[in-house]
Structure formats: C-alpha cells, structure tokens
Amino acid sequence: MAPVGVEKKLLLGPNGPAVAAAGDLTSEEEEGQSLWSSILSEVSTRARSKLPSGKNILVFGEDGSGKTTLMTKLQGAEHGKKGRGLEYLYLSVHDEDRDDHTRCNVWILDGDLYHKGLLKFAVSAESLRETLVIFVADMSRPWTIMESLQKWASVLREHIDKMKIPPEEMRDLERKFMKEFQDYIEPEEGCQGSPQRRGPLTSGSDEDSVALPLGDNVLTHNLGIPVLVVCTKCDAMSVLEKEHDYRDEHLDFIQAHLRRFCLQYGAALIYTSVKEEKNLDLLYKYIVHKTYGFHFTIPALVVEKDAVFIPAGWDNEKKIAILHENFTTVKPEDAYEDFIVKPPVRKLVHDKELAAEDEQVFLMKQQSLLAKQPATPTRTSESPARGPSGSPRTQGRGGPASVPSASPGTSVKKPDPNIKNNAASEGVLASFFNSLLSKKTGSPGSPSAGGVQSTAKKSGQKTVLSNVQEELDRMTRKPDSMVTNSSTENEA
C-alpha cells in the first residue's frame, strides 16, 4: 500500500502545494488501505458465496409414477423423453442477488430393480454429501405407495452400504443431518419474510440454538442425506372418491402413514400435480433450499387434502394424531394394506382377431350350404304362380301393385295375406289361363269365363283373379270379328 501514498505525494508536489502536511499523508494512506481492503474482501466473499457445482438429485419411483414428467416440468421443458436404465437431466439454479447461475444434476433410476446397479455412476462416496434423494409415490394407485417407498429406501440403503464410507465420515454425515432436522424453525418465526425470492440462509450461533430431543420412531433410519417424499398425480383423488368410494378417512389414513415414514427418514412430504400445476413452484424452492441453502419462507400446509406440504423437522407424533380424530372404521395401528386394499383386477375380454376369409372361398361354402338345403313347399308352390307373370305383357305391368292403373274402372280387392295358398287350384288355373292366352280366345259372357271366376272365388287367390280379370278386359277391347270367332271356337 506504500506506493499508493508515494504516488499521491509526487502528484501533489508539482501541481498542488509544494509541501504536504504529515498528518494529511497519513490519513490518505489509511483511506487507500481501507479501499483496497474492502475490494479484496468483496472479491473473496463472492468467491466463497458462488453457487457450488456438482450437486446431485437422485430420484426413485415405480414405472408410470410420473417421476420423469415431474422433473422435466421443474426443468422448464414441456415434454420430456423417457429414457431407460438411468436418466439424466439438470435443473437450472439462479441466484438473483449475486446474478450467479449453476446446474444441479438430476439422476432418475428406472423402476425396474434390474437397473439398480447403475447407481454407482450417479452417486459415489465422494458425492454422497452433495446429494438429495427424492422418493416418488403415485397417488393414483395409493395401494402401492408404502410398499414402493420401503422398496426404494432399501435399495438406497444397500447402495450406501456398498460404498464402504469410513465410519467416522458416515457418523459425521448423520450428526449433521440430525442437527438440521432438530434446528428446524417455523418460517414465520425464524425467517421473518425476506422479500427476495431466494437468498442465502444466515444461521445463528450454536450457543443460542437448543436442539430438541428426538421423539420415538424419529430418524430411526438416518441416511445422512436429505430425503424428500413427493406424491404425484394428486389430482386423482377425486377419481378415487368416485370410482373406489374413497372418503376423507382413507385419505387421512394414507397421509398418516406417509408422515410416519417421513419421520423415520427425516424426510419432507409434498403433494404435487403436474396436470394442475399444483405445488410445483413450492417443490422447486424447497429443493434449492435444501441443496444450496437458499431462503425458504413457506410454512407447513395441511389444510388442503391434495396440496399437503410437511417440511423436514416440522412434524411429530402429536401432529399426526390429529388425523386420527377422523377415523371411524379403522384404527391408527392397522396395517396399511388391510385398509387401502388393491381393487380387483378386471379381466379385459379381448376379442379374438379373425382373419378375413377369401371371398371366393366364402361364396363356395355358401353355395354348398344352399345346395344341401331341401326344397320347401313354399318354393314349389310359388314357381307355377310366377309362370303367368313371366309373359312380357304381364311382367311389364309390375304384378298386383300395377292392377289399379291397368283397369281404372275395375275394383279389385287386395290379396289377403292371411289366406293360405291352394297349390292344386293354382296349377289348374295357371294351365287354363295359359291355354286362353295361347289361343287368344274367351268371352266375358262365356261359361268358361264364368267358371274361371267362380273357381277363382272358391280358391281365394286374389292375385290370379286380378290377372284373369285383366285379360278379360283386354279381350273385350278386341274387334267384334275376333270376339265372334273366339266364341264359335269355344262352343265347338
């Protein structure tokens, strides 16, 4: 710092007063020293307070629980691609006060236990103290929650044991985590509303803080690292109430068991919903709070059943016992799987896939079936009746439906479908009528015509009667000579 004073002295000599007082030089040197000291202090403080790199988040959960979707949403991406084995992504962390950025590594283990050996690539003995663990539970399938949490907690415990961390170092991690758990203070009491969104925590002196004793079943499974239990798909609670008849008692029973599990591991509990974007920002803030020590001013939330938040260190058995007041058909000590029963699996009846048969083969089969069928009486009786209508003139008239238009002056009754056909009478009438058509004979007043009409009335076949009447009307319109010749032939 001496050269600074010398430089000032030389500058003051030629341009200012010729001689400077000794007292003035001393004060200027002190100001220069304090200026440099403040600059060096600020630089060193920034270096120490820079956001550390190498922080890790390890995520466990069943397949389909939504763990990848959850972390992708926290990352800020709309759609994430699900990987296989061990997925990797990162969370961007920004310190607004110091305008500093860093990335937090996120490792997502596959739901198949076959891939648990990949954990060695995500967390090592050196990086364990920089790791936060998230257990993801699927609230849309609450009957799998406790079994899943126990399974993944065992996998993590097994992996930590395989690291062969020195016992002294492991005990140091456990003591540090237990102290953080015991030193929890309500945000409204301890962190009086910092207006910043995030900021570094200022820890008080150890002399002022008095650690509260741990209760029963609290931190019985101390892993030495922070743990967070995240329940996803909490918007499915309404579906559980409608389809599975869940009541508030069921939801309180689930929450009570989750909170007891969290007490054993010193974990926090948070209900989320990516679909409704519920508690996602809260989850992000709590993660950076536990990982980087940022300010966190949100207290515990237990009012809304689908937006519960229990920070680590806040809960105890007395607070959990409040949920027991709503129990009517279940006891707090009842087994989880005895009350939250897995619904019976509905067997889906899949229609067998049938290959389309070749069209020609299908038609051949139908032809063979028709050939094997015996001829019915209806077919034999109908064939002669269609004989007269086969003539070009009668066929063109369209059958019985066109009779009224052929002879407007003739009133013919419609055939009665209730009268049974007389096969013998039809045959006689058809043959006689064919002979009349071939010879072009017949008279309206002849006995034969009268006989035909009387026979038609006796047989009750209105269709044949209408055809006869139609032909008689046609023949009456013939020339008189044709009528006279036909009458002579009939008499002969």
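Cβ coordinates come from backbone N, Cα and C, glycine included.
Per Swiss-Prot, the features are:
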{"type": "BINDING", "residues": "GLY61, GLU62, ASP63, GLY64, SER65, GLY66, LYS67, THR68", "note": "ATP binding site"}
{"type": "COMPBIAS", "residues": "370-383", "note": "compositional bias 'Polar residues'"}
{"type": "COMPBIAS", "residues": "437-469", "note": "compositional bias 'Polar residues'"}
{"type": "COMPBIAS", "residues": "471-480", "note": "compositional bias 'Basic and acidic residues'"}
{"type": "COMPBIAS", "residues": "482-492", "note": "compositional bias 'Polar residues'"}
{"type": "MOD_RES", "residues": "SER194", "note": "phosphoserine"}
{"type": "MOD_RES", "residues": "SER383", "note": "phosphoserine"}
{"type": "MOD_RES", "residues": "SER391", "note": "phosphoserine"}
{"type": "MOD_RES", "residues": "ARG397", "note": "omega-N-methylarginine"}
{"type": "MOD_RES", "residues": "THR441", "note": "phosphothreonine"}
{"type": "MOD_RES", "residues": "SER443", "note": "phosphoserine"}
{"type": "MOD_RES", "residues": "SER446", "note": "phosphoserine"}
{"type": "REGION", "residues": "188-207", "note": "region 'Disordered'"}
{"type": "REGION", "residues": "370-423", "note": "region 'Disordered'"}
{"type": "REGION", "residues": "437-492", "note": "region 'Disordered'"}
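When other Cβ atoms within 10 Å of the Cβ of GLU62 (ATP binding site) are tallied across all protein chains shown, the result is 20. Same-chain residues with CB within 8 A of the center of the GLY61, GLU62, ASP63, GLY64, SER65, GLY66, LYS67, THR68 CB atoms, the ATP site residues themselves not counted, are GLY111, VAL136, ASP138, THR232.
Annotation note: GLY61 (ATP binding site) sits in a coil segment as assigned by DSSP. Taking a C-beta cut-off of under 8 Å and a sequence gap of six or more, GLY64 (ATP binding site) has these contacts in its own chain: GLY111, ASP138. In the three-state DSSP scheme, THR68 (ATP binding site) falls into the helix class. The binding-site residues listed here are SER65, THR68; among them, SER65 has the most other Cβ atoms within 10 Å of its own Cβ. Non-local neighbourhood of ASP63 (ATP binding site): ASP110, GLY111, ASP112, each in the same chain, at least six residues away, with C-beta under 8 Å from its C-beta.
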